[in-house]
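Copied over from TrEMBL:
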- ASP309: active site, proton acceptor (ACT_SITE)
- GLY189, ARG253, GLY254, GLY278, ASN279, GLY280, THR281: ATP binding site (BINDING)
- ASN279: Mg(2+) binding site (BINDING)
- THR307, ILE308, ASP309, MET352, GLY353, ARG354, GLU408, TYR460, MET461, ILE462, ARG463: substrate binding site (BINDING)
- 182-484: domain 'Phosphofructokinase' (DOMAIN)
- GLY280: site 'Important for substrate specificity' (SITE)
Amino acid sequence: MDALSQAITSGISSVPYKKNNSSLVPSHGLSSLILRKTRSPANPSSRISSVRASAIQHSKTSASSIDLSDPDWKLKYEKDFEQRFNIPHITDVLPDAEAIRSTFCLKMRSPTEDFVGGYPSDEEWHGYINNNDRVLLKVIRYSSPTSAGAECIDPDCSWVEQWIHRAGPREKIYFRPEEVKAAIITCGGLCPGLNDVIRHIVITLEIYGVKNIVGIPFGYRGFSDKDLTEMPLSRKVVQNIHLSGGSLLGVSRGGPSVSEIVDSMEERGINMLFVLGGNGTHAGADAIHNECRKRKIKVAVVGVPKTIDNDILHMDKTFGFDTAVEEAQRAINSAYIEAHSAYHGIGVVKLMGRNSGFIAMQASLASGQVDICLIPEVPFNLHGPNGVLKHLKYLIETKGSAVICVAEGAGQNFLEKTNAKDASGNAVLGDFGVYIQQETKKYFKEISTPIDVKYIDPTYMIRAVRANASDGILCTVLGQNAVHGAFAGYSGITVGIINTHYAYLPIPEVIAYPKSVDPNSRMWHRCLTSTGQPDFI
């Protein structure tokens with residue numbers, strides 16, 4: 001995904017600006033990038049490559065899409081933004097789809113009551129969301145591109161409103177509950193909160209009146225593997241699954257072709273599909289959505305962004321992230337105790353995150369015990385007068401111990417590249433945690449200073465725990481809103497929290513490239529203030 005970010009940066013000229021390293025560079029966060037649909041590849045996980053390619057191509061062809069000399073450029077930008085963030089609806093391809101009064105009403109009917117004498121009607125309940133309700137994507141009005149974390153459309157940081165669709169139940173729905181067969185899949189790696197989302201998707205479906213709910217085992221693989229059978233789901237089945245980590249349905253990467261998946265859905269009669277996963281999984285979901293539209297079949301495909309790395313665009317956070325930061329405290333505290341208790345002790349903790357350093361940054365900030373935090377977004381030297389090892393020597397001389405927190409994707413330029421990829425198409429990263437441990441031992445041996453280094457990698461311990469209270473609430477609301485979106489007739493969307501409000505976004509807009517830490521953001525500055533580390537360049 002880094003290649004995409006670099007291509008966008010080099011290919012776009014008249015797009016939003018962000019201050020970085022005392023110069024103005026295009027900001028990815030507000031680019032006018034529009035993803036073009038491409039032919040669905042055989043493997044849904046490989047669709048992300050098509051997204052990258054189409055995004056790169058578009059960045060080249062529409063680099064000058066914003067003419068800042070045009071007096072109406074703001075209106076044109078807002079119109080373009082509205083078109084990009086317009087969410088697909090089944091009536092786009094099935095204009096005769098019938099809309100009926102919603103069966104979701106918290107005043108009228110118990111979840112177990114059948115539809116006797118027609119659908120319930122309640123004129124008095126005002127719990128529905130109007131289709132024209134919107135959520136503001138950006139809430140800070142920057143006065144200058146030099147402000148910390150500034151994201152500006154133009155060099156003058158003109159204010160431009162960017163509105164996205166508010167999530168929640170609609171008064172009109174496009175599926176009759178008795179005709180719905182809903183399926184849930186969990187893809188990629190484990191993440192705290194998967195069971196919480198599954199649970200509330202099932203519970204909310206039952207409140208709408210859906211009786212036929214199944215889980216597809218082991219991600220997209222479950223659509224093609226004849227040895228894997230659907231798992232019937234109900235409130236009774238899922239009642240207590242949130243008390244355990246992992247996924248009731250199991251997870252896996254990769255899977256059959258998009259065509260095979262949609263064939264399987266048609267054979268099974270599935271007309272609602274809820275997909276829990278990250279960027280690659282959402283790319284697959286978007287491909288499935290497009291194939292269903294191509295065949296003109298009435299199916300709602302809704303994603304729920306699952307990534308412990310918190311690297312999904314536009315969203316405040318993704319579920320599992322808060323739990324990961326909280327659990328990482330245990331590892332950091334253990335490293336601190338080991339380092340503090342030893343003569344010249346150094347604790348090294350490696351935290352997950354791929355090419356985004358959010359977990360390492362937030363965990364370091366929360367712990368207050370980290371002396372050096374290294375993330376992929378901020379370059380650093382290991383050796384030399386301004387290197388990490390030189391500062392470690394200073395810490396040992398002045399404090400007697402040190403704790404280093406390393407993000408998974410940090411320091412990859414020091415390691416030999418293998419070009420290997422996992423089943424989801426993600427690059428397999430080298431273990432920089434082990435590398436810095438070895439380099440630290442070597443450096444201090446050369447200067448004849450005894451040290452005691454302890455290395456901790458809590459990755460799989462963190463992934464497997466149950467969600468904490470904060471993530472539990474987030475998962476609950478995400479699961480509910482995913483069902484509301486599907487019944488409202490939306491497809492090819494994902495649900496997320498934007499500026500503390502819940503919203504629907506078109507999948508292509510959130511998977512264009514992974515979100516990353518802005519080195520000029522206030523949060524990174526806060527982390528540096530906490531650790532006290534210098535610039536390692």
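Glycine is no exception: its Cβ is also placed from the backbone N, Cα and C atoms.
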Minimum Cα separation from GLY353 (substrate binding site), reported as the residue among binding-site residues GLY254, GLY278, GLY280 that achieves it: GLY278
Cα-to-Cα gap, the residue listed as 'active site, proton acceptor' vs GLY278 (ATP binding site), nearest whole Å: 9
Distance, THR307 (substrate binding site) to GLY254 (ATP binding site) (CA atoms, angstrom): 16
Binding-site residues (GLY254, GLY353), the one with most neighbouring Cβ atoms at 10 Å: GLY353
Residue from GLY189, ASN279, GLY280, THR281 whose C-alpha is spatially nearest that of GLU408 (substrate binding site), among the binding-site residues: GLY189
ARG253 (ATP binding site), number of other Cβ atoms within 10 Å: 20
Alpha-carbon spacing, GLY278 (ATP binding site) to THR307 (substrate binding site), which is rounded to whole Å: 5
Which binding-site residues sit within 10 Å of ASN279 (ATP binding site) - Cα, from THR307, MET461, ARG463: THR307
Integer Cα-Cα distance in angstrom, GLY280 (ATP binding site) to MET461 (substrate binding site): 23
Nearest recorded site to ARG463 (substrate binding site) by CA-CA distance, among binding-site residues GLY189, ARG253, THR281: GLY189
Site extent for ATP (largest Cα pair distance over GLY189, ARG253, GLY254, GLY278, ASN279, GLY280, THR281, Å): 13
GLY189 (ATP binding site) and MET461 (substrate binding site), Cα-Cα, nearest whole angstrom: 13
